[in-house]
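*Asks:* Straight out of TrEMBL:
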type: SIGNAL; residues: B:1-18; note: signal peptide
type: DOMAIN; residues: B:51-235; note: domain 'ABC transmembrane type-1'
type: TRANSMEM; residues: B:60-80; note: transmembrane segment
type: TRANSMEM; residues: B:92-112; note: transmembrane segment
type: TRANSMEM; residues: B:118-140; note: transmembrane segment
type: TRANSMEM; residues: B:213-234; note: transmembrane segment
């Protein structure tokens, strides 16, 4: 990487950027003089987004949604990693719960939305609960398979030396499973964003989902598009943020030579694909 | 045996929770009430109609996503330049929560089955596309160079080298998308008036029949679970020629 000349860097940037730039340009041009009711000029949408963010209540909606995602995801991570470490460590438990967990993951959390919101109300609590419920499974399953996937030799050694369980957990099991845990959290994040939108469309006085629903049903098309674009930015921004956090925490892992990483990354991409 | 007892234990805890009245019966009815709904539902055409409607939207969207995503992924995966230039665009689009497009689609397409299929298609196309791309890229450089130096014709190369080496990854993508398709179809039904399992859950819950709502949720879970199971079996069958990549 470091041997690259600045010219090569520019070249790769150019290679990656030309198509997105072209797409944006085409989008701007194609809708520039648009009189279509459903597809207002892209500049109008952006202007609406800017105006709503500055003067409208959109910032409040954004904060409400962000807070729910953060709380739900944090809850799911704590519960998922905690339970996953226990289930992954105890073989008997892992085998016993396997079909149950598979079923739980296959059950669409969106179907719970009416049940939870109609009984628990339209506040923030039920939404955090729903987001946590949906995000829990990928994190839990990835933690289990990450713990289970640690080389048996490593495990035996740690046991053989009678390393106290707390030390073993902190120094052997958790670091070993961390790459996969992060893969799980990445999947969970996209689920969390979807559940945020669904729960807010279904019943909420605030939030981004409510914003696009309200503007959509009152035929305020630029506002609808603006809200949709904002949710897209939010989704992408959060995933970039998560990748950055992962890179910082897992620097030791990413900096390993690819060969030493291969066996691990293979299991990782598999489990990521599973979810 | 072990797994059966775990299932039983969960059912017992569920029953105890419901009996203790810690949560109201509208939020969580007991397992006997929920499973007691099934004999009645199985005889009800509405139930089968709802399941059919959901599957219809899910399968149509899924097939469309496969038809679009697999070839596109294979082509962009084969040519590094195509992969590089589409990377950023795909990255942004893929992290877009498709369900957020629902109000827009409701405006443009209205509350129609086509709309449901379109949303499912958009949600499924990225996992299929990315896995196909990843698979096509997995051809080792040595093999790629060998093909280059022997001037293997493009079509032959595609059929005999790229396709076989990409198949496992493509299968993974399809399996992922199959699960997603049902999920998204139900999500759309919950939020709109389109018929299907999601709509029935809302109807049952609003009508105060919480145990019926749960029966539909369990149905949805069973569908997701069987799709996953079936596609795992199909994958194993189709890929019998290659050594298993995982053993557990």
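Positions of Cβ are set from backbone N, Cα and C atoms, glycine also.
Any idea what these are sitting next to in the structure?
*Replies:* Long-range contacts of the transmembrane segment (B:60-80) within the same chain: residues 86, 116-121, 123-137, 158, 162-163, 166, 170, 173-174, 177-178, 181, 184-185, each at least 6 residues beyond the stretch ends and with a Cβ under 8 Å from a Cβ of the stretch.
Outside the transmembrane segment (B:118-140) by six or more residues, the chain places 57-58, 60-62, 64-66, 68-78, 83, 90, 93-94, 98-99, 101-102, 105, 109, 161-162, 165-170, 172-174, 176-177, 180-181, 184-185, 188 with a CB less than 8 A from a CB of the stretch.
The list of residues near the transmembrane segment (B:213-234) in space but at least 6 beyond its ends in sequence, with Cβ under 8 angstroms from a Cβ of it, reads 29, 34-35, 37-38, 41, 47, 50-51, 54-55, 171, 174-175, 178-179, 182-183, 186, 197-198, 200-201, 204-205.
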